[in-house]
Amino acid sequence: MSSVKLAASDKTITQSSDVKPKELNKCNQLKQKGLESIAPLVLSVEETPEPISTEVRGTIPTWIRGSLLRNGPGKFEFGNQHYNHWFDGMAMLHQFKIEDGKVTYRSRFLQSDAYKKNSERDRIMVSEFGTVAMPDPCKNFFMRFLSRFEMPEATDNASVSFVKYKGDCFVSTETNYMYRVDPESLETQDKVDWTKFIAVNMATAHPHTEPDGTTYNMGNSYGRKGALYNIIKVPPMKNNPEETLEGAKVLCSIVPIDKARPSYYHSFAMSENYVVFIEQPIKIDLLKSITSKKRGERICERFFWDPKQDTVFHLIDKHTGQTNSVKFHTKALSVFHQINAYEEDGFLMLDMCCSDNGVALNNYLIQNLRKSGEALDQVYNTMYKAFPRRFVLPLNVTNDTPTGVNLNTRPTSSATSFKTAKDKVECQFEDLHGEDLYEYGGLEFPQINYSKFNTRPYRYFYGCGFRHLVGDSLLKIDLEGKKVKVWYQKGLFPSEPVFVPSTDAVEEDDGVILSVVVTPTEDKSTFLLVLDAKTLEELGRAEVPVNIPYGFHGTFNPTA
């Protein structure tokens, strides 16, 4: 029965220092023993291009009309060559179409150039995050030698998320390539290259969208003088049906603290008037990037964690493109996903899931995910977990602002902000959770009622609890009292929760949570779970008679 209650072995990403943290956080002191194998969650599966029926147990509300679209890796080898990292698997697109209380399922592999090249030769032809494509043995020795001196080609394996630009549906990763796809058939349509429209070399898979459809994103650019972080703005409307990113522009460029070693970032935050870029101490060595192909190094070997550096928050005015001269500093943190950001009473509240260490990507090597017994326990017990935290950034810091005084005057928040020098504010976070969250392994894959409460004051957020290498529970946190509700069933692994508001919603949490749940111990046992978003009580589930791997991100696409 479900319960609802209140309440790395491969050092691919290195540390730049041998200094060890003084202590692990409370969650890391809670060791796990006897973790069950999750190897079936990262095995290749066949696509299901035509919709198939599911068996519904319980009740799925008839007001839900649309499709849950999911993205993630679905193929982990070609021929006798295997990928090394979870992020490397070929993109598989999933659709759970909900109508009149019934659900159909279909899936397709994204027809990327990487997928087609690999399939044609039945070997890995395109390098991915953790896997190097070896020189083609069909070339002569001289051509294979020269190929090592070419600039590495970015993959178009868009396996991270579904996103929207100008009303169209795209799948995205963290390179300069996206694909427009048909959300009804999941068929691959146009390949889109950001570099054809603006001077960026990549863009994140987590853009933010305004109510009018205007979309913001971030992308790096690299030149002779080093790297820049760029804020991208894409207009909401198309002038003709064939358009993709026409009209996109760079709103602002930010100079890295170290141009030769810019920060890695997976996402960014946005409030009503500001884009917030988090420059974290996960760094990319550009010299290694240029020479990595010659040395046969994986992309992930360009990354390193430097705990001696601060995390820095940059604020950019969305209306003017001007960067705030004040920089907000905090200790070394790693961040993959923000929860929300909003402005109130002269402050910007920045809520995000943070870890005290930046080598988490190492944990998701395929060899780690397929371990069992004590070896699997060891991987998990050396991981740093992510927890929801709030930073309160004062927006009216001037030359006259005193130093040595906590600028956060909000009586409901324990976060602090001290001006320590001209244009520098030191910040300390406030935990957005109680002690009971440690029991559930922290929280990641955060989601809110985005359409109504993104960039606004809010009360609730949802996410996955991590008492395993992947999510093993669904959590809801109420910021009033920092209470947690939990959906958990032993042996089940739910994916990122997606909030869908009810058609007559009045309160913030009126709606449902959708999550795809995988059972590694049973064959063909995946199901779409539907929870009441208020209580996290199960309403129904739609059981799918095929195997589905554990994926990354998704979105709900309502029926027009």
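Cβ atoms are placed via backbone N, Cα and C, with glycine included.
In TrEMBL, annotation is done automatically, which means it is predicted and not curated.
What TrEMBL lists as Fe cation binding site is H206, H266, H337, H553. Annotation for H553 (Fe cation binding site): spatial neighbours R70, N71, G72, V160, S161, F162, A205, H206, F445, E496, criterion Cβ-Cβ under 8 Å with sequence separation of six or more.
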Nonlocal neighbours by CB distance (under 8 Å) for H266 (Fe cation binding site), same chain, sequence gap 6 or more: E174, T204, A205, H206, V335, F336, H337
CB contacts for H337 (Fe cation binding site) [other CB atoms within 10 A, all chains]: 21
